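**Student:** Just dropping this structure here.
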Amino acid sequence: MATPARQAWRQLIRTSSRSPATPSNLLQQQRLALRRQASTSTRAPSRRAVAPSPSALLRPQPSARRSYSSGPQGNQQTPPPPPPPPRSNGNQVKFWPFVIVIACGSGGYMLLVNRRKEIPPSQRATPPDMAPTKPTPAFSAADVTVLFVLGGPGAGKGTQCARLVHDYGFTHLSAGDLLRAEQDRPGSQYGQLIRDCIKNGAIVPQEVTIALLEQAMRAAMAAASANRRFLIDGFPRKMDQALKFEEVVCPARLVLFYDCPEAEMERRLMERGKTSGRADDNADSIRKRFRTFVDTSMPVVTHYEAGDRVVKIDATPTPDQVYAVTQQRLKQALGDKF
């Protein structure tokens, strides 16, 4: 069944074909079609659709533009892409755990370092493979008796030692004699060093002196195995020599200290220099040796006095008087071992 709009359209075509297409005729035809359409729409408003006006039908329609979509519906425009999601802060969130771990580790390390500083060195734990090894002395104090003989230059140490060797069988080792023999030995690597130290009244490096003393002790025991009592004259000259000797060679049993005024010692040395031929028996060397003894050797005597291991003897009287006192004091100190 034809709709009212279609019937109006047909009537318009018939009329236009019968009469010439003048503007007035076209206008009348449009008005007639509109009246018919209006009358039809009032009778059935719910069924009929509003027909387009003849002017709208005659108006040229724009051609639809073809879209360049490759899909089945090419005439439809592609919707714009959705906006990108907002950028998240996930990287910053992941970075903070590393910062916290590093901060905690650094704080813990500094805490351990500070606590270790507060612990005394004796109480700090040392790994077994890093523990310092203490050298074992070459000789035992139970098998070898060592007496250090100390005193200023010219106090008479050598004279008293010679009489003890003759009467009691001690082995006398003079550090000065060993050093002088070493400086004169052909090919000695320490010769020039020892020569300069003796001339200037300085102390020879302890490594050289201790090595020479140990060699002399081994040679003496190899020659007479029963002879294990030693008088070491003029040694140690300073504190580190004493500690090193007892650590490496053997602990000393006693210290014989011959005390003599400086003026008396200088008189004796000047008299001895007339016939001894020693390079250090001159006024300048003697005074340097005095100062060296007071500054370096007297602390050694003080150290052993604190351990009650010093036998102090006045060396001002005659050699016979000094020797008598020496015998008496050694018998009291050594007992059966004298």
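Note that Cβ sites are derived from N, Cα and C of the backbone, with glycine treated the same way.
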**Student:** Per TrEMBL, which of R195, R218, R272 sits in the ATP site along with G154, A155, G156, K157, G158, T159, P317?
**Tutor:** R272
**Student:** When you get a sec, could you say which of 174-204, 236-266 is annotated region 'NMPbind' by TrEMBL?
**Tutor:** 174-204
**Student:** Measure from the Cβ of P317 (ATP binding site) and count the other Cβ atoms within 10 Å, all protein chains considered.
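**Tutor:** Total other Cβ atoms inside 10 Å, all chains included: 14.
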**Student:** Test of understanding: give the count of other CB atoms lying within 10 angstroms of the CB of K157 (ATP binding site).
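**Tutor:** K157 (ATP binding site) is surrounded by 24 other Cβ atoms within 10 Å.
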**Student:** Compute all pairwise C-alpha distances among G154, A155, G156, K157, G158, T159, R272, P317, the residues listed as binding ATP, and give the largest one in whole angstrom.
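**Tutor:** The span, Cα to Cα at its widest, is 17 Å.
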**Student:** So which of the binding-site residues is most packed in, judged by how many other Cβ atoms lie within 10 Å of its Cβ, out of A155, I203?
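**Tutor:** When each Cβ's neighbours within 10 Å are tallied, A155 tops the list.
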**Student:** My understanding is the cutoff is Cβ-Cβ under 8 Å with a sequence separation of 6 or more in the same chain; which residues meet that for R180 (ribonucleoside 5'-phosphate binding site)?
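**Tutor:** Once residues fewer than 6 apart are set aside, R180 (ribonucleoside 5'-phosphate binding site) is near I194, I198.
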